[in-house]
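Here the structure comes first, spelled out in structure tokens, and everything after it is commentary.
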Amino acid sequence: MLTLARQQQRQNIRWLLCLSVLMLLALLLSLCAGELWILPGDWFSPRGELFVWQIRLPRTLAVLLVGAALAISGAVMQALFENPLAEPGLLGVSNGAGVGLIAAVLLGQGQLPNWALGLCAIAGALIITLILLRFARRHLSTSRLLLAGVALGIICSALMTWAIYFSTSVDLRQLMYWMMGGFGGVDWRQSWLMLALIPVLLWICCQSRPMNILALGEISARQLGLPLWFWRNVLVAATGWMVGVSVALAGAIGFIGLVIPHILRLCGLTDHRVLLPGCALAGASALLLADIVARLALAAAELPIGVVTATLGAPVFIWLLLKAGR
């Protein structure tokens, strides 16, 4: 038994090392890639200082943090709601951020700066999170809380559709493209949003024990003495914050929060002590690679990264499910 535990521990360490190497390689490739390829030897030249340090580095850091946040959010929600289909957009938090953004554009008549739009997106996500916490205080079951989140997401989606359909504003039509996901407008001015993600990411990665208990199910968690109401509130709030900041940075991006935790579980990473940091590394790597594809796929334009993640991720996910079912 001890030998099996040691073998599993060594395998987990190998997985984390491999994912760390993959993330570093994806990060280096992201800094080099573009219409103008700049190898590491030229990073400190005048051209490299402009393209690498001022344009590509903030974008790469944003992609890395958003990918980690979305993947961890997916892992947390799948454990919290005991549902393998749970992901960051399921509770309506992403759509809530979109409603906040569109309301800011309408009320500000397109004159608000980017930082104000980001704050409005975070505010929209947090409002939906507060509504969910209100439901949680009524001690609803996990399944009913999940259904409440789905209903809120549908309402927010309907509000966005009505606002965009009846609007003649060019800004709102551009926001529809933005809601498909993209990092094209990210620079060092959005560094405050990146910094807002780091403390929550680190904190959640340290909460493996309650996450492991939650994954056993609601009844088992109560029997083991876990304060379920407290952890449900805290984790919903943390997820809402991460998703709100991610939407403010890059728009709505699917696939990462749903598929990355699944892939790691299929690879044998079920302990949240390994799964949470593994999701951060794998989510960052996957989104970095998707961003590189989005930049290089078209010569004079950039694909929405949400389209890239869905196009590349869905077939891989289906293949993994078929492989696991054999």
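Using the three backbone atoms N, Cα and C, a Cβ is placed for every residue, glycine included.
Taken from Swiss-Prot, the feature transmembrane segment applies to 19-39, 61-81, 88-108, 112-132, 146-166, 184-204, 240-260, 274-294, 302-322.
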Message: Below 8 Å between Cβ atoms, which of the listed ranges 61-81, 184-204, 240-260, 302-322 makes the most pairs with the transmembrane segment (88-108)?
response: 240-260
Message: Applying the under-8 angstroms CB criterion, which one of 61-81, 274-294, 302-322 scores highest with the transmembrane segment (19-39)?
response: 274-294
Query: Looking at the stretches 61-81, 112-132, 146-166, 184-204, 302-322, which one shares the most CB pairs under 8 Å with the transmembrane segment (274-294)?
result: 61-81
- prompt: Residues sitting near the transmembrane segment (146-166): Cβ under 8 Å, six or more positions beyond its termini, same chain?
  reply: 81, 83, 86, 89-96, 98-99, 102-103, 106, 128, 131-132, 135, 140, 172-173, 175-176, 179
